[in-house]
Each structure stands twice: as structure tokens, then as C-alpha cells.
Amino acid sequence: MANKVRSIEKVIEGIEQDEGAGARVRRSIGNMERRNFNPFLMFDHFKAKGAAGFPEHPHYGMETITYCVNGGIAHEDFTGKKGIIYPGDLQFMTAGKGIVHSEMPIDGPNGEPAELLQMWVDLPAKLKESPPRYRDLREWEIPRYESDDGKLLVKVVSGKSYGVESLHNLAYTPVHYYHFILKKGAKFSQEVIPEWNYFLYVIKGKGLDLNGTKVHQYENVFFNRDGNYIEGEQTDDDTVEFIIVGGEMLDQTVVQHGPFVACSRDKIMEVFQNYQYAQNGFENRKSWKTLISNGVTQDMVDNQLGGNLQEREKTRKEFLANQANKNVNDEL
């Protein structure tokens, strides 16, 4: 098809509300205005501090993608997996046939609340009974593009932007994920797959012009599937940060009840029964003892959760050194 810029279907501002155990959440998918956006079931921008997080809770038939903006988030589940993601990191979790987990915040460097973006993505029907799994993507593993004038930066979490391709396919449902940072006067152009759904969410800043529509912090822009590009320009003096996310649409019925997502009401009832009786994927529910649901201590960070910042910095430097050596060898 000839190149065409997508038009805007709708702009929704995420209104802050309480969620979990006192976390403050701005939800722009999964609310009354936008029930879902195939294949996306929910999108939250949330802040949480101390014990105000998301203690143990179940999921079925879906994936979560969590992006840390500030602070950190500790996670654990009833299979024994534990860990932490810090600013710039992402976590991809597949609930599959059933998982119970906890997600609790770690304050930022100056005591400010943790800040994160999380989306729920539907799983294809044939994969809803997959075993649960986690994949973490560290900040330094994400390829990036920066313009010569320094006004445009793109972190390519998944997909391709300005000739830079992501390194990993981390979700079962195909998803593209780009983090843009634009200074005043910077323009961007992102190619998209015509058949996929895409949205653009403003993390911070204002004055981003999308074909004459200016959007600001906490607004989520949903695009029509009528083009193969998304374009815009930053018009405000302040820097703007936003993500563009796209997903392959799934041709299936969505029946959702809270954290359980199936393709029929009968299956939802079956999943509730499995959870209640700790069977068929939820066997560990009754015996699991959560570590972090009452809050995360520094001792947990340094020991059980493997989140020591000195060790993290060592790992980052080793990765970058290996990448530098690889680049030298590739040039020889």
C-alpha cells in the first residue's frame, strides 16, 4: 500500500484511581470508555510505595508486560520465581494455565513512589493452557536509535524503528513496543503493520502534535487501521516521552472476569473452580507462602530477590563490554 499516516480514532485520559492494596493507577484500557483494544485487555500507568502494591493474586489465559519508569518492582510467584526490575527494565509474564503472584514496589532513589506501565495482552486460545513463565529484559539489552542532532531517541523494545531492530521476541502474542523521547522541534515517523492495532501513550510532557491534534501527559491515543505510519512533532519547550504499542489482533471471543481471560463463560467458570480447589494449574496456591506481599525490605532486595544494585551495575558493564568486543570482531 502507498504510505499513509494513521488517523486518530479516540483519545482517552487515564483518570487516577485506587487499585490493589492502595496503589494509584491511571487506566486507559480496561475501563468504561475502552473495554479492550484487541489484543490488549488493560493498560495502566501506576505509582505505588511501601506496602501499597499488588499482593498475591491469580491470573489465567493472558500475558502481562511491565515497564519500570522509576524506582522498582519486586515480583514472586507460586512456582518459586523471584526478582526485581528497575528503571528501563521490562518483564514479560505469561500466566497461561494459571499463576498466583505478587508485585510490590521499591521506592525511587529519593524516596519517591515506584512508577510503572503495565498492560495485559490476550493469549491465543491454543496457548491459554501454556505453562506460566517469566522473561526479564534489562535496560542495557534494549537497542536504541538517536538522531544526529540529539533531539530524537527511540528505545526499540520490540519491533523495528529507524533501521534498529529489537533483539528478542518475548511475548506469545506478537507485540511491537517503542519508547520515544523527543525534544522541542523533533519529528518522528514510525512504520506500523497495517492489520495491527496501535496506541500511543504519553508518559510525561505535553504538546505532542499528531496531525493537528495535540496530546499531553496521561493521554492514550487510539489509531484507526487506515495507514502504515504514525507521525508527529514535539511543539512544547519541554521534552515529551511516549510509547507506541501495537499488537496482532486475535480472532476469538474474549470472556474476562477480573484476572481470568477465556473464550467462553463455561471456561471462566471452570478456571474459577480450578483456582478455588487448587487444581489444573493452581496446585501450588494453598501451599505457597508469599515473601513480599507486606512490603519489600532491603535485606530481601540484596538476598532473596537478587536485586543488589552493585551486582546489577557489574552485570551491565560486563554486557556492554561483551557487546563492544562483538562489534569490533564484526568489523574485522
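Yeah, the Cβs are placed from backbone N, Cα and C, and that goes for glycine too.
What TrEMBL records for H57, H59, H101, E103 is Fe cation binding site. The domain 'Pirin N-terminal' annotation in TrEMBL covers 23-121. Under the heading domain 'Pirin C-terminal', TrEMBL lists 177-280.
DSSP states for the domain 'Pirin N-terminal' (23-121), grouped as helix (H, G, I), strand (E, B) and coil, give 0 helix, 64 strand, 35 coil. For the recorded Fe cation site, residues H57, H59, H101, E103 set the reference point as the centre of their Cβ atoms, and the other residues of that chain within 8 Å of it by Cβ are F54, E56, P58, T64, H75, D77, M93, I99, V100, S102, P259. For E103 (Fe cation binding site), the count of additional Cβ atoms within 10 Å of its Cβ stands at 28 [all protein chains shown].
The binding-site residues considered are H57, H59, H101; of these, H57 has the fewest other C-beta atoms within 10 angstroms of its C-beta. Residues belonging to the domain 'Pirin N-terminal' (23-121) score a mean pLDDT of 95 in the model.
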